[in-house]
């Protein structure tokens, strides 16, 4: 556990051991014997050099950290490729490490706990403002921390050099693994079009340079619109979650009020005035007059208002730890479990390219696959346009039915805890 501090340390560089792996593979650098390069004595288990070469080949792919509490293991992925692994020590009984989807919020090479006897916590990478972090520490063969994830000395230093603020960390009980996923509900890059004026050789009179040899010319017409090739650089953090029954009722009251049916206070409570407003709408729409907000009534109500609906889901978008957009979405079967699924754009975000996404299941719901979860999402045109026009490499989408607001305040991405 760590003190609450907002001094930030930006990430630096790429993982340096990739170069060493290349030299070893080429025979330029050898281990052991005369002139051998000493390896850090801290217990860590690197994987084969071939995977490290793959990391060097794809340096722009987003990096993700996966932690298994059951196996007491941390794995580092570049895209879907495993590039490093180590053992860890997580929270002991009474101080369990929470599971879920996190992001690195702060990095500090030197840090000391103000809760536990000023204990040193080198190479600290904060996951929550309430005190959970990755850091160097003693790593026995069992959970021994006060909730943080301890790593061996050499590995903690190397991982610190690999990561940037905002990198995802997924903590699960059982081991999770990323895999490629393709689905129509996953966004693709969309370039907004802007008008580009093309001047003809002759210019309109009255403009500077309009007269040539005493003859008036004309300006060429505005040419066809051409996309401005300016790709977004900052990844988005997107979250889709079901709306509660009260939120859906409140939104229905909003639409009734907008159409002039006077549902009373827009408070998410089914009172007499709201039922009377529903009956009045049912009469005008030639529907059975029951006063009940059935699916048929809601679809007709939103159609009359010219809105997609009913609003069974909500989409939130953040960038650089700040909320930049939110909108309603249609989430089919909103009362059915979703679990928690993380989708990340890893490649193909260029004009004419096919986007490549990967997924990690952080909390599975009744063996539902990520594809079946995506089947339930219907974007509104405006929401999809905003996301696709701002989509950058490393952008991520979390779909969850877990609460997220408690730990997702100012200065965070979306923190979704599946177990606290």
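In case you wondered, yes, glycine gets a Cβ from its N, Cα and C as well.
TrEMBL entries are annotated by machine, without manual review.
Database features, via TrEMBL:
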ACT_SITE  135  active site, proton donor/acceptor
ACT_SITE  148  active site, nucleophile
DOMAIN    63-172  domain 'L,D-TPase catalytic'
DSSP-derived structure type at residue 135 (active site, proton donor/acceptor), helix or strand or else coil: strand
Cβ neighbour count within 10 Å of the residue listed as 'active site, nucleophile': 27
Averaged pLDDT, computed only over the residues in the domain 'L,D-TPase catalytic' (63-172): 92
Residue 135 (active site, proton donor/acceptor), number of other Cβ atoms within 10 Å: 23
Cα separation, the residue listed as 'active site, proton donor/acceptor' to the residue listed as 'active site, nucleophile' (Å, whole number): 8
Helix, strand and coil totals (DSSP H, G, I; E, B; other) for the domain 'L,D-TPase catalytic' (63-172): 10 helix, 47 strand, 53 coil
